[in-house]
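A.B. asks: Handing you a structure now.
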């Protein structure tokens, strides 16, 4: 191992780099603990200590020397070092613009460098780093190999399918032989008794062939249906386990389009393509028999096979590009459709139906055009296969007739050979014609792989602690949503005592909601710690945490179920008494009781059957029903009418009793009775105190906001 890699001994950039890289790989790390264990002399992590610390976190490392031309092919992020010994993390490379996104640990900011600028700081040495979970994820990558364990799991059924296929091929081999006997023996010698025997035998063979063919289809469909169920269940579980950042970085329609690719895989598994592969594997037996009849005619058949393969190889890349384009256009349509249906109130209110229709027509035309190009190319591919097949048939007819005339082959043998060649060519032709399906399912697996190969929230090795009490601490929090995004929170320090009611106010974009997202462990801060009862949330099980936090947002989603089911969503077996108690606490019981079906009333999709105030009160009841020790109101009343807000505020004292409550609001009247009010501006806490105390500072932001709202 090289030893000349410089690590700055005065400023501990090594620890900071380790924390960032570990968090990127969803590995929880406590910086203070790492420093305590490995920074024994207090001078910062040197190279050996850094490697030992990374190993203790089960991170896999590899020190390499790379030329700048090879960098686009390595797995990022990676740690590189500069001439002055200060660490730099290479985050991303844009090969089109030849620019490099780095994270400067000294300035704690991302930078975009040109190739020349990056070349000045890059000496060729770097540390590639990944986690064991990432390695296991790569080994379990979803692609065609995913189906191998499934085949092994159902190997008994597939063995039965192969056995049935063997018998079917034997029957397919016997039938042409019967025809040869009829042509060369029965017709020549006028053997009616032999004809009767052959007819009965052929009838028996046909019956068995039909029964076995149906049995094979049933067995195969049964096994593929099981695989389909496993894949569908795995897909949905994995989708819900993905971190919230996955969904925030993708359009809803794009995700829906990827999930719908499961239909393509389902059609492929239950179709005739795989049985055609089995039939093709048994073609070697037919080739042996055909060679026995006529080596010359068999050579013609064999020479046609490379033509099928070459034609498929020629068509495949063009077809794949057009299928990719078709998928992209379909994803655009899905996204626009979801967006339009979700925003139908706005579309109608603004009377922009013509504009939206115009956009849809253009996108639909693009999709139809892409689909048409796929269809045309697929048709060309199929006709090319037909051309090869017909050409081989003509050559065999001409050559076979010459062999019969010369006495090298009988008429019965020629007919038998053509029937056998049909058994060989048929699965080849079917596979060639189904090549579009192979291409489509390959693209579908790639699209699904974007979902199934994305890392889920890491629960393994996380702490499931006892019931929380509600002490909260944010220590030196620094956070941004993406490495190249602006800083949202910068060196935020905040302590909240158990049972304290905190109000957080500030301008839009000041970082108020981001604080609560960190508290729910939707994200891990770039720097600093979020603590509950002294426990670092980076080390905690997210499910354990979220079960003990109640959250009410400005736009809460209700499922298309009964009111009771929505309130008791986390525990369907919950007693009715608990549901009613939570509803009373949220001020929802009275209006629920006035409904014809009461708590059994179906709320409609997204709660469309209720008013905004009613939906909000049900959402509050849902947040309270588990008696959470921490309660978050994130603009929970900003969109309500004054009557609905008044009902909720009347019950606020009961709601907050015995809990730690964080209220984020733009209306200062919502938080003026809080124990403490936090004022945020551009990712910093600029003021804090009680309502009256903050009003005393006429130069403060809180006073300014209060004056605006008062006026």
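Heads up, the Cβ atoms here are built off N, Cα and C, so glycines get one too.
So Swiss-Prot lists the following for this protein:
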ACT_SITE  87  active site
BINDING   506, 507, 508, 509, 510, 511, 512, 513  ATP binding site
DOMAIN    1-129  domain 'Peptidase C39'
DOMAIN    158-440  domain 'ABC transmembrane type-1'
DOMAIN    472-707  domain 'ABC transporter'
TRANSMEM  162-182  transmembrane segment
TRANSMEM  195-215  transmembrane segment
TRANSMEM  273-293  transmembrane segment
TRANSMEM  299-319  transmembrane segment
TRANSMEM  392-412  transmembrane segment
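Locate each feature and note its surroundings.
C.D. replies: In the three-state DSSP scheme, residue 87 (active site) falls into the strand class.
Long-range C-beta contacts of residue 513 (ATP binding site), restricted to its own chain and to partners at least six residues apart, with a cutoff below 8 Å, comprise 634, 635, 664.
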A.B. asks: In the same chain, which residue numbers or ranges, 6 or more beyond the ends of the transmembrane segment (392-412), come under 8 angstroms Cβ to Cβ?
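C.D. replies: Sequence-distant neighbours of the transmembrane segment (392-412): 179-185, 293-294, 296-297, 300-301, 304, 418, 421, 425.
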A.B. asks: Within 10 Å of the Cβ of residue 509 (ATP binding site), how many other Cβ atoms are there?
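C.D. replies: Other Cβ atoms found within 10 Å: 14.
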A.B. asks: If you count, for each of the binding-site residues 508, 510, the other Cβ atoms lying within 10 Å of its Cβ, which residue has the minimum?
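C.D. replies: Per-residue Cβ counts within 10 Å for the binding-site residues 508, 510 bottom out at 508.
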A.B. asks: Whose Cβ lies within 8 Å of the mean position of the Cβ atoms of 506, 507, 508, 509, 510, 511, 512, 513, the ATP site, other than those residues?
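C.D. replies: Along the chain, the qualifying residues are 514, 680, 681.
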A.B. asks: What is the average pLDDT across the domain 'ABC transporter' (472-707)?
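C.D. replies: Here the mean pLDDT over the domain 'ABC transporter' (472-707) amounts to 86.
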A.B. asks: Around residue 87 (active site), how many other CB atoms lie within 10 A of its CB?
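C.D. replies: I get 27 for this one.
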A.B. asks: What whole-number Å value do you get for the CA-CA distance of residue 509 (ATP binding site) and residue 87 (active site)?
C.D. replies: 31
A.B. asks: Using DSSP and collapsing to three states, where does residue 512 (ATP binding site) fall: helix, strand or coil?
C.D. replies: helix
A.B. asks: Count the Cβ atoms, other than its own, that fall within 10 Å of the Cβ of residue 511 (ATP binding site), considering every protein chain shown.
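C.D. replies: That number is 23.
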